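Undergrad: Feature list, courtesy of TrEMBL:
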ACT_SITE  ASP34  active site, proton acceptor
ACT_SITE  ASP173  active site, proton donor
BINDING   SER7, HIS64, GLY140, PHE141, GLY142, GLY143, ASP173, GLY174, GLY175, GLY195, SER196  substrate binding site
BINDING   HIS32, ASP34, HIS64, ASP173  divalent metal cation binding site
Amino acid sequence: MVKIAPSLLSADFREMGREIERMAQAGADYLHYDVMDGTFVPNITFGSVVLEWAAKCSLPVDAHLMVEHPETHIETYAAAGAKIITVHAEAARHLNRVLRRIRELGCLAGVAINPATSPEVLRYSVGEFDLALVMTVNPGFGGQKLIVKALDKLSEIRNMLDADGVDALLQVDGGANEKTVGLMLEKGANFIVAGSALFGSENPRALIDLAREKWLALHPEQK
Ligand code: DX5
Ligand code: ZN
């Protein structure tokens, strides 16, 4: 079944805990936690201290590190309670070493690529990651428009994985909403991140149910 992760970036921070529980109630699978350092991306969000509190809520935390030198931060995020830690291929100089370390720490290891980055950068890391994150906006902000072309990378990554007989989650992040989620799934995503479309909605369940319906229409064997 497709997995859904609301991105905390778009939550109402006056009510962080309640906002996270609202997403759990709506049927989300993970909480997507966007860490930005003001250098890798032109914005700064929250770090491991806030994650420690977020991890006390009902959703497992999927930490997306949009930071330079991710290798210096992964221990801290694992200790704070993240279940998935995703680093950017563009920021990790020794990608396989970082991915192995994330797994050693007991987390699922994810690798993200920006919209203009070729999926080729993942080729020699196949088998070392549990999740590939295809960014469908330039990272840094919520509420941006989907870059449709980036979705083509999903099938390229799937082919790379299949050639080596390994599986991994294929996550997309950026511009997901009720109009775009169908295309994301058709192109091969099985893990959808949505910020503004979920936290900004009075009825986040509608989008989550829609994604699951569309997923089952594409994968009837999983009914
Ligand atoms: C962007 C972040 C995303 C962002 C998605 O840099 O990585 O997770 O919150 O927001 P929406 O779904 O609003 O495009
Ligand atoms: Zn993200």
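Glycine residues also receive a Cβ, built from the backbone N, Cα and C atoms like all the rest.
Keep in mind that what you see is a predicted model, and the values were worked out from it rather than measured.
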Undergrad: Neighbour count, 10 Å Cβ-Cβ cut-off, for ASP173 (active site, proton donor): what number do you get?
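TA: Taking every protein chain into account, the count is 26.
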Undergrad: Quick one: which of the recorded positions (HIS64, ASP173, SER196) have their CB closer than 6 Å to ligand 2?
TA: HIS64, ASP173
Undergrad: Distance between GLY175 (substrate binding site) and HIS64 (divalent metal cation binding site) at the Cα atoms, whole Å?
TA: 16
Undergrad: Which of the recorded positions listed here (HIS32, ASP34, HIS64, ASP173) have a Cα atom within 10 Å of the Cα of GLY140 (substrate binding site)?
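TA: Matched recorded positions: ASP34, sequence order.
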Undergrad: Write out, in the order they occur in the sequence, the residues of the chain not among SER7, HIS64, GLY140, PHE141, GLY142, GLY143, ASP173, GLY174, GLY175, GLY195, SER196 that have a C-beta within 8 Å of the mean position of the C-beta atoms of the recorded substrate site.
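TA: Going along the sequence, the neighbours appear as LEU9, SER10, ASP34, VAL137, PRO139, GLN144, VAL193.
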